[in-house]
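Read the structure below first, then the notes.
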Amino acid sequence: MSPTRIPEATVARLPVYLRALNSLLEREIRTCSSEELASAAGVNSAKLRKDLSHLGSYGTRGVGYDVEYLRYQIAREIGLTQDWPVVIVGIGNLGHALANYSGFSSRGFRTVALLDADAARQGELVAGLKIRPFTELSAIVREHGVAIGVIATPAAAAQSVCDHMVDAGIRSVLNFAPTVLTVPPEVDVRMVDLSSELQILAYHEQRKSAPASPDPTLDPEVVA
Ligand SMILES: NC(=O)c1ccc[n+]([C@@H]2O[C@H](COP(=O)([O-])OP(=O)(O)OC[C@H]3O[C@@H](n4cnc5c(N)ncnc54)[C@H](O)[C@@H]3O)[C@@H](O)[C@H]2O)c1
């Protein structure tokens, strides 16, 4: 891992580069230029070169990047070369879908427990794991050294679930509930909000279909 802290915006793009590199490897492409990788990742090549320079990766002039090695460097930087035990709390519609998603395990995220407060759900087998009572959280975190907690409960329960996770020693939380969580500074929270993403698309869709608005700088009142 690099000793210096990488900018957050670069960290957010590393998984995108990783996906692009995986698809190059699937096509047995062993080296690529920054332009090729940038276009596969959907960013401009200057930004890609700057991002990769934070990893100490500059490619070789005239040859480009070694795809396999760059994939290893990025995976190591993100921490994907190690195993991350994960718990999912709230095994309703979304919790079931997350538990059944094979993409986590193939990227090093191992779901070790599924927890729910509803006694009626407990004992049900989902993706090979029995849903367990939420009260077992601390014991499970201790037993498996859980690094990441996923919250898939209704919004009203999310802060309390998060507080219990933090008390149990979890330092990274992925929150699917549509509510902002308060955590101590050493805890990282990422929020996934599909509704907000749809609203952003709706905003762009609306702008695309709206008639072009006049340039405000040509408005005599604005100019005056
Ligand atoms: N982020 C997204 O894009 C996205 C998409 C869909 C749903 N959601 C959100 O995900 C959450 C779950 O949605 P759903 O449709 O699966 O709901 P659901 O009602 O089907 O499931 C929620 C589960 O949480 C459990 N639960 C409630 N309080 C709990 C507590 N204190 N501790 C442990 N478990 C508890 C319930 O028993 C239930 O099994 C909601 O907040 C919803 O808004 C987010």
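Glycine too: its Cβ is placed from the backbone N, Cα and C atoms.
Please treat TrEMBL annotations as automatic predictions, because they have not gone through curation.
So that you can see what the record holds, here are the features copied from TrEMBL:
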DNA_BIND  16-55  DNA-binding region
DOMAIN    79-180  domain 'CoA-binding'
BINDING   Gly90, Ile91, Gly92, Asn93, Leu94, Gly95  NAD(+) binding site
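Residues 2, 4, 6-7, 10, 63-68, 70-71, 73-75, 77-78, 80 of the same chain lie 6+ residues outside the DNA-binding region (16-55) yet bring a C-beta within less than 8 angstroms of a C-beta in it. Within the domain 'CoA-binding' (79-180), the DSSP-based counts of helix, strand and coil residues read 37 helix, 29 strand, 36 coil. Within the set of binding-site residues (Ile91, Leu94), the lowest number of other Cβ atoms found within 10 Å of a Cβ is recorded at Leu94. Taking the mean position of the Cβ atoms of Gly90, Ile91, Gly92, Asn93, Leu94, Gly95 as the NAD(+) site, the remaining same-chain residues with a Cβ inside 8 Å of that point are Ile88, His96, Ala97, Leu98, Asp116, Ala152, Thr153.
Annotation for Gly90 (NAD(+) binding site): spatial neighbours Leu115, Asp116, Ile151, Ala152, Thr153, Pro154, Ala157, Val161, Ala177, criterion Cβ-Cβ under 8 Å with sequence separation of six or more. Over all protein chains present, the Cβ of Asn93 (NAD(+) binding site) has 9 other Cβ atoms lying within 10 Å.
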